[in-house]
Amino acid sequence: MLIIDIGNTNIKFGICINNQIIQTLRISSQPRRTADEYFFFLNTIINQLNINNFTITHIIISSVVPSITKPMIELSTHYFNITPTIINNQHADICNIKIDLNDKLLGSDRLASIIGAVTLYPNKNLLVISMGTATVFNLISKERSIYGQVITPGAHIMAQSMRQHTALLPEISQIKVNKVVHNTLFYAIEAGVYWGYIAMVEGIVKQILHEENKDLHIVATGGNSILFIDHKNFIKNIDPDLTMKGMIYLHNMLFNK
């Protein structure tokens, strides 16, 4: 099976065999790419991986970028002769998940992550933190009701915003920084973004725990979740592939596997 997770910053492809993700590939989200370009990229990588007896029989897509969804559907139908499954809010009902929010429309990536979390950690009150372009804190009851949320900028937006709104500050990369105080401009900005993001997430989690006043099983996913590998004092599980795992679980429910 081919899993396609289309985000605002990156597109993540997952190659899945027997319900196991054996390889993930990531490229930047560029709305002008064509189905032909995506096929060339995928075909080249899959051939290089030399996976024995791998044939794409199913494709499932999560997308928050409609302009990229269209060429991905074309890729699926034209090159693989497959009608892909496109995740939408109706799939919450199939997975016995209730969206108990005033705004019922969830991003498909959020829904997939929540499907993954409630499947992996059943009968628990959950706080699922999706750390992508935006950082979304999802509160889910042990009865599978999504009842609360907090949404903040992601680390990438924080760094990008500083660069866009200043004339002289340099562009930085998103990496772990061991200490907060530096004597060079570049490392001072890197440290500010990294430690500022860590402090923001920790502070919001602390406030959520105070307001909820109950045990929450905390799970982090998304590209920025790896920044918290050394900060697991309050995050129980860090799983960058949680969204894709949720897509696998949904696929299995839809096709009774």
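Every residue, even glycine, has its Cβ placed from backbone N, Cα and C.
Copied from Swiss-Prot, the annotated features are:
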- Asp109: active site, proton acceptor (ACT_SITE)
- Asp5, Ile6, Gly7, Asn8, Thr9, Asn10, Ile11, Lys12, Thr133: ATP binding site (BINDING)
- Gly107, Ser108, Asp109, Arg110: substrate binding site (BINDING)
Residue pair Asp5 (ATP binding site), Asp109 (active site, proton acceptor) - Cα distance, angstrom, rounded: 7
Ile11 (ATP binding site): secondary structure state under DSSP, collapsed to three categories: strand
Spatial separation of Asp109 (active site, proton acceptor) from Thr133 (ATP binding site) - C-alpha basis, Å: 12
Cα-Cα distance, maximum over Asp5, Ile6, Gly7, Asn8, Thr9, Asn10, Ile11, Lys12, Thr133, record's ATP binders, Å: 13
The residue listed as 'active site, proton acceptor' and Gly7 (ATP binding site), distance between Cα atoms, whole Å: 8
Count of other CB atoms lying within 10 Å of the CB belonging to Thr133 (ATP binding site): 22
Residues within 8 Å of the Gly107, Ser108, Asp109, Arg110 Cβ centre (excluding the substrate site residues themselves): Ser62, Val64, Ile87, Leu106, Leu111, Ala112, Ser113, Ser130, Thr243
Rounded to the nearest Å - Cα separation of Thr9 (ATP binding site) and the residue listed as 'active site, proton acceptor': 13
Cβ atoms near Thr9 (ATP binding site) (within 10 Å, other residues, all chains): 16
